[in-house]
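Engineer: The structure that follows is given in the form of structure tokens.
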Amino acid sequence: MAKHSQHSSPPRKLFDTLNDLWQRAKSEAGLSAEGPEGTRRRNNLILYLLLVLSTLYLLNGYQTLRNEEIPYSEFLKAVAEGRVEQAVVTEQTISGTLKPEAEGESTRPFITVPLWNHELAAELEKKGVKYTVRYGSNWFSSLIFNWIVPIVLLTLFWTWMARRMTGGRGFLSIGKKTRIQADTAAKVTFGDVAGADEAKQELRETIEFLQNPTRIQSLGGRMPKGVLLVGPPGTGKTLLARAVAGEAGVPFFNISGSEFIELFVGVGAARVRDLFEQARQNAPCIIFIDELDAIGRSRGGPVVMGGHDEREQTLNQLLTEMDGFDPSVGVAVMAATNRPEILDKALLRSGRFDRQIVVDKPGLEDRVSILKLHTRKMKLAADVDLRVVAQRTPGFVGADLANAANEAAIIAVRANKAAIGMADFEAAIDRILAGPEKKSRLLNDAEKHRVAVHESGHALVAEIVPTGQPVHKVSIIPRGAAALGFTLQLPVEEKFLSTEQELKDQIAILLGGRTAEELVFGESSSGAQNDLEKASEIARTMVCSLGMSKVLGPLTYGRRQQLAYLSVEGAEERNFSEETARLIDNEVRKLIEEGLQRVREILTHHRVTLDRLAALLREKEVVSGEDVKAVIREAAS
């Protein structure tokens, strides 16, 4: 009876040895490490292998391309003429180098396909050619460089791309990219969200449904399937969603709408299915989709890529999942967008996103609360009044206020102050509104005088017209990309409507700078370009959208697609005739000309005040609103 060997076969031993060496190399290089560091190292290794193999492949191809292919007859002629320096003869090819044809030239590498010739060796010896004969073919190197190396390169490149797209978790996990917020992460609660009291009140009901879903079921109702947060950028929509999860104490699945769309077809739908499957397994929980418009755009647009639209497939899967899951399991779907106008109607119907909560720009009291929240860890000087700061930042959202507080801290540090003062907040607000000061942009005396007259015209008209907002500051220090000066007005109170008189006063204030230049210098300059654009826009809105034209009457003309929360206007649909267009142009021109005539009368009547204000502005470069009022009172007395 034959005995079986206790030793493994040589191939098996070789495999085990190579495997041990590979595992040891992985351990020493840190490739087995878990987490982002291990992923980064493995991705780098794949990238290095790609570079090395690509270099070898290119070098082999370069070596092949260097050899000039010549006919066999030309090779025989070169041998006969003694122009062959050396040769390598195989069964398939003859390669080598030809001697330089002239002094100073280099040798020429060549390759040719031979015919069977017994006299070739004798001829080479006769001419003194160094030659080598190699039996067998180079099939192995051809196999390596023509097949194996390209396949390995493509495989490594595909693997590297897949790992980058899936966060380093491998190709098979490409449809699973949902991130769940770790329980150890710092919890965000409503105490960390200032303002937005109405939104927080509605979201508290969502928290109650998550914590006690049977309460509404006992009355025969059901908890809302979806909550959509809409509002301008920076108002805290994502922060509110995190606060809901923190208050409810449930897992929080957070994914951006853009993460559903990848290079591969079907990935978006797979990620939607995986997202809802994870949510069911971790119920009660919250699914939060940020920037929903990335996948929720209305269907029916132009067909792309041969009739298949990955975004529409992802949206269809999302609609199916929101219809299919049971609301009694305690899964709340929340989403945020600042473009609700472009969302698909099927996504917004009842039974999917039942509630739409507007997170709008904060009012005065909310801005005070937000400033207190963002400055609670800052060292503030005694002269800082956050209510005054809030009054001077109308239209600022939470992100803008946080940026203003941080800019004030940076300015205070730059000045080596022990605490942040009111002047630092003023400088920070000016920087955000008008851009940083350009002290290197020096104006000559003539330009400085013209800018001072221009800004004085704005400020003077703003203080004289009946509904003008008070002037807070006038400056002729260049700021931002192109502004050579600015006049800052701040409202006394929050306003949500504008009357016809207020709009006409705004046009007059905008035309004040150009008219002041014409009055003092006899001509205007290019500095009034932006003023004219804004004045023309207000006048056209009055005529076409607000019905403030007696000739055209209370009608609207033209339909323009608008993104309300982004202040972006699309193409205008013209729904009026050429004759009406001429009437619109005439009415707009009439409003502008009436404004110009009105401003000329104001500035002519207050010419002394204009000159004094311009002189003060040239001297100080920055004049406060109190100084402007003092000059007006002094000139009037």
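First residue shown is number 1, and so on along the chain.
Heads up, the Cβ atoms here are built off N, Cα and C, so glycines get one too.
Got these off Swiss-Prot a minute ago, pasting:
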TOPO_DOM  1-44  topological domain 'Cytoplasmic'
TRANSMEM  45-65  transmembrane segment
TOPO_DOM  66-141  topological domain 'Periplasmic'
TRANSMEM  142-162  transmembrane segment
TOPO_DOM  163-637  topological domain 'Cytoplasmic'
BINDING   GLY231, PRO232, PRO233, GLY234, THR235, GLY236, LYS237, THR238  ATP binding site
BINDING   HIS454, HIS458, ASP531  Zn(2+) binding site
ACT_SITE  GLU455  active site
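Describe the structural context of each listed feature in the structure shown, including burial, neighbouring residues and relevant distances.
Structural biologist: For the topological domain 'Cytoplasmic' (163-637), the mean pLDDT of the prediction comes to 84.
DSSP classifies PRO232 (ATP binding site) as coil under the three-state reduction.
Cβ neighbours of HIS458 (Zn(2+) binding site) (same chain, under 8 Å, six or more residues apart in sequence): VAL474, THR487, ILE509, LEU510, GLY512, GLY513, ALA516.
The Cβ of GLU455 (active site) has 25 neighbouring Cβ atoms from other residues within 10 Å, across all protein chains displayed.
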Engineer: Closest of the recorded positions to PRO233 (ATP binding site), Cα to Cα, picking from HIS454, GLU455, ASP531?
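Structural biologist: Going through HIS454, GLU455, ASP531 one by one, the closest to PRO233 (ATP binding site) is ASP531.
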Engineer: Using the recorded ATP site (GLY231, PRO232, PRO233, GLY234, THR235, GLY236, LYS237, THR238) as reference, state which further residues of the same chain have their Cβ within 8 Å of the centre of those residues' Cβ atoms, listed in sequence order.
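Structural biologist: Near the ATP site, the remaining chain residues are LEU229, ALA336, ASN338, VAL359, VAL397, GLY398, ALA399.
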Engineer: What whole-number Å value do you get for the CA-CA distance of GLU455 (active site) and GLY234 (ATP binding site)?
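Structural biologist: Taking the Cα atoms only, GLU455 (active site) lies 32 Å from GLY234 (ATP binding site).
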Engineer: Whole-number Å only: compute the distance from the Cα of THR238 (ATP binding site) to the Cα of HIS454 (Zn(2+) binding site).
Structural biologist: 43
Engineer: List nothing but the one residue from PRO232, PRO233, GLY234, GLY236 whose Cβ has the fewest other Cβ atoms within 10 Å; the candidates are the binding-site residues.
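Structural biologist: It is PRO233 that, of the binding-site residues PRO232, PRO233, GLY234, GLY236, has the fewest other Cβ atoms within 10 Å.
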Engineer: Taking the binding-site residues one at a time (LYS237, HIS454), which has its Cβ surrounded by the most other Cβ atoms within 10 Å?
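Structural biologist: Max Cβ neighbours within 10 Å, all protein chains included: HIS454.
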Engineer: Neighbourhood of the Zn(2+) site (HIS454, HIS458, ASP531): other residues with Cβ within 8 Å of the Cβ centroid, in order?
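Structural biologist: So the extra residues in range turn out to be GLU455, GLY457, THR487, LEU510, LEU511, GLY512, GLY513, ARG514, ALA516, GLY527, ALA528.
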Engineer: So, in DSSP terms, is HIS454 (Zn(2+) binding site) helix, strand, or coil?
Structural biologist: helix
